[in-house]
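According to TrEMBL, the protein has these features:
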- 91-203: domain 'Phosphatidic acid phosphatase type 2/haloperoxidase' (DOMAIN)
- 9-28: transmembrane segment (TRANSMEM)
- 62-84: transmembrane segment (TRANSMEM)
- 91-112: transmembrane segment (TRANSMEM)
- 132-153: transmembrane segment (TRANSMEM)
- 160-180: transmembrane segment (TRANSMEM)
- 192-209: transmembrane segment (TRANSMEM)
Amino acid sequence: MERRITSKYIGVMLAVILIFSGLFYIIARHVKSSDIISFDDTIIHFTQSFISDELTIWVERITFLGSILFIAVAILIITVLLLWKKKYALAIFFISANGFGALLNTLLKWFFKRERPDILPVIIEKGYSFPSGHSMGSLIFFSSCAYLCIHLLNSTGKKVMAYIIACMLILLIGTSRVYLGVHYPTDVVGGYSIGIAYSAVCILAFRLYEFKTKR
């Protein structure tokens, strides 16, 4: 039974990896086309039509949750807690998934070298734009946190709530990047796409490790 379930799980995860890798490839291939640029500009203008001083304060707080500083500190704290609880395999999974994910994002940015938008930026940030580091990084971080809940929480309701909160934060952080004018919408979608594919690879690898060691 365990083998059959595992085979189905592997099939689903491989499908997720292929679908979202393919979506990222399509976006990356056309990211500098006139149609994509026009689409991006339209979405940016629409999103920024809601700009206000009060909303900007909250958006900046939300975008901080996807920053290198916040995620790095959170990773350190969570990893220490996992080691303290003697969850060594989960600790290695968690820090490796996030660490190599950050490296992958850096490499992709340098490969595509897409400049950031210059349409009414609310804040100024340096570096390349595609794929969005906040979007990709927050997706990997919060999805890996939610995955930890599967192992550490007993209540199904709490596990579901962890995934709901993770999804909400990921979406809010991505939207905040467009609102602040530091990323194109396709930067965000591209970050989500490759982030989902990468996270699926990490989770699948960990599940296969668990299956092998528990046989």
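Cβ atoms here come from the backbone N, Cα and C positions, even for glycine.
Between the transmembrane segment (192-209) and the transmembrane segment (132-153), the number of CB pairs under 8 angstroms, six or more residues apart, is three or more, so the stretches are in contact. The stretch with the most CB contacts under 8 Å to the transmembrane segment (132-153), chosen from 9-28, 62-84, 91-112, 160-180, is 160-180. Using a Cβ-Cβ cut-off under 8 Å and counting only residues 6 or more beyond its ends in the same chain, the transmembrane segment (9-28) has close neighbours at 36, 112, 130-131, 186, 189-190, 193-194, 196-197, 200-201, 203-204, 207-208. Nonlocal intrachain contacts for the transmembrane segment (62-84), taken as residues 6+ away from its ends with a CB within less than 8 angstroms of a stretch CB, comprise 90-91, 94-95, 98-99, 102, 133-135, 137-138, 141, 145, 148, 169, 172-173, 176-177, 180. Long-range contacts of the transmembrane segment (160-180) within the same chain, counting only residues at least 6 positions beyond its ends with a Cβ under 8 Å from a Cβ of the stretch, are 43-44, 47-48, 50-51, 56, 59-60, 62-63, 65-66, 121-123, 132, 134-135, 138-139, 142-143, 145-146, 149, 153, 187-188, 191-192.
Averaged across the domain 'Phosphatidic acid phosphatase type 2/haloperoxidase' (91-203), pLDDT in this predicted model comes to 92. Broken down by DSSP into helix, strand and coil, the domain 'Phosphatidic acid phosphatase type 2/haloperoxidase' (91-203) contains 85 helix, 0 strand, 28 coil.
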